[in-house]
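**Student:** The structure follows.
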Amino acid sequence: GGSSVDAAIAINLCDGIHNAQSMGIGGGSLMIVYDVNGTKKILMAFDSRETAPSAATWDMLLSDDTPAGLLIGTPGDLAGAYEAWRIFGRIPWAKLFQPAIDLCKNGYRVSETLADRINSSLGDKMHPSLHSIFRNPDGSLPQAGDTLYRPELGKTLEAVADKGPDSFYKGELAGTIVSEIQQIGGLITKQDLQDYQVRISLPMEHALPGKRRLIFPRLPSGGAVMTFILNVILASNVTKESLRSADGYHVLAEIYKFAFAERLKLGDENFTNTTQAISDLLSTEYAKIISKKLDHKQTHDAEFYGAYDAITEDHGTAQYSVVAPNGGATSMTSTINRSFGCKRRGRKTGIIYNDEMADFGVPGDDSLVTEDLPNVIAPGKRPLSSMSPSIVLNERGDVELVLGTAGGTKITTVNAFVAAEYLLFGKTLPEAMDVPRVHHQLFPNKLMYES
C-alpha cells in the first residue's frame, strides 16, 4: 500500500481541478510528514511556498494598474510534492497523477463551491484565457452539477508524471511557463524556475498539556502564531465555560489581536532575523506577560497591542489531513492565494497561476510598509503565510490529531480555537469544529463571528 504522502499528493492534484479557485500546480504548499515504517518514525517539514522572482523589487506593486503577471511568484507545489514523494513515497510517481489526468480529460462535476466562486469572483469579467475551462459550450457560466474539462492541464500533468518535476522547472514545459507568465507582465525567468529549491527541515515542536507535542513547520508558516494563541489561552485561565460567554469571546478576540500584532515581526527567516520573535511566540513566560495585558472590559487602538498598520491579508487555500493505517500522517496546505490566483491561465499549459506576491507587505498611501520591514518583497524571498499544517502526537508518540484548515488569515485562529477546544477543553473533534467561532486580525478593526 501507499503512504500518507502518496495520498496527500494524489488528493492535491485532483483538488487542483475540483477547487481550482483555491490551489493548483501554479501555486505552493506547506507540508508536515510523520512517517512510520516499522519501528522507524520520522518527522519532516517541506516548505514549497512560492518565491519572489530574481528581478523583484520591494516597491514593485505600487502601481494601481499592476499587470496580473507581476503578482506571480515562482510556483513550488510540484517541487515540494516530488521531494516528499522521493523520501516517503511508496507508489510510483506517475500513478499518483492518473486520477487527476482522468478528471482533466473525461470531465468533472462542478461543485456548489466552485460554481459560486466562478460566478462571484470571475463572472462577466472573466479573462478570456479562462473561458474555455469555466464556461459551458453555450457561453453560460456553469452551475453546480455541470461538467467541465481541463485538456491542456491534463497534458501538462502527463508530462510531469512521465518526466518528473524537471520537465516543469528545467525542461520544455519551463520555457512555455516562462513565456506564458511574461506575456502577462510577469518577471519569472527560466533561471528562477531552475533555481527553485524546496526547503526541507525538521519541524518545530511545542509541548502541550498531557505530554502532547504540537508539530508544525518553520516560517513562513503560521504555526508559531497559532502556538502563541494556545499559550495565551492557557496563561489567561480561560475555561470552556467562560469561553461560551460574551466576555469569553471578547477575551479570545483580544488574544487574537495580540497574536496578529506579533505576526508583524515575522518574515522569511532566510532574510530576517526572527530568532527573538519566534522565541517569544513559543515562550510560556511571554504568554503570561501578554495575558496580564488582556483588558476584559474594553478594546484599544492598534498601538496598545504593539502593532502598526501593515497587516497583509492572505486568502484561500486547501487543506489535506491524511492518516495511514500504519499510524503515519501528513498534513498539507496548498494555495494559489486569492480566488483563482492572478485570474490568468496559461493557454498551452492550462495552469492557473498564483498571485502570491500580494502576500508580501505592500506599501501604499495609507501604509507604513517600508523596505526594512520583515515581510517586504525581495528577490528569492518567500512571503509570510497563515498556513499552519500541524500534527499532534500523544505521550506514546502516536498521532492524536492532524490539524489544518483553509481560509487565509482565519487559518491561524481557526486552528488554534479547534485545537484549544479539543486538546485543552476535552471536546470531541466534531464538537470542537462545531462550536461557533470568532475572528479578529487587528486590521481592519472588525470582529467576525459565526451566526
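The backbone N, Cα and C atoms fix where each Cβ goes, and this holds for glycine too.
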**Student:** Quick one: which of D65, D359, D434 does TrEMBL put in the L-glutamate site with R49, T335, I336, N337, S385, S386, G408?
**Tutor:** D359
**Student:** Looking only at R49, D359, G408, which of these binding-site residues has the biggest number of Cβ atoms within 10 Å around its Cβ?
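**Tutor:** The residue with the densest Cβ neighbourhood is R49.
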**Student:** Need the DSSP three-state call for D359 (L-glutamate binding site) to compare against my parser.
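**Tutor:** It is helical.
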**Student:** Look up S386 (L-glutamate binding site) in the DSSP assignment and reduce it to helix, strand or coil.
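**Tutor:** Assignment for S386 (L-glutamate binding site) reads coil.
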**Student:** Need the DSSP three-state call for T335 (L-glutamate binding site) to compare against my parser.
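**Tutor:** DSSP assigns T335 (L-glutamate binding site) to strand.
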**Student:** Between G408 (L-glutamate binding site) and T317 (active site, nucleophile), what is the CA-CA distance rounded to a whole number of Å?
**Tutor:** 7
**Student:** With H, G and I counted as helix, E and B as strand and the rest as coil, say where DSSP puts G408 (L-glutamate binding site).
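**Tutor:** For G408 (L-glutamate binding site) - judged by DSSP and reduced to three states - the answer is coil.
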**Student:** In whole Å, how far does the CA atom of T335 (L-glutamate binding site) lie from that of T317 (active site, nucleophile)?
**Tutor:** 4
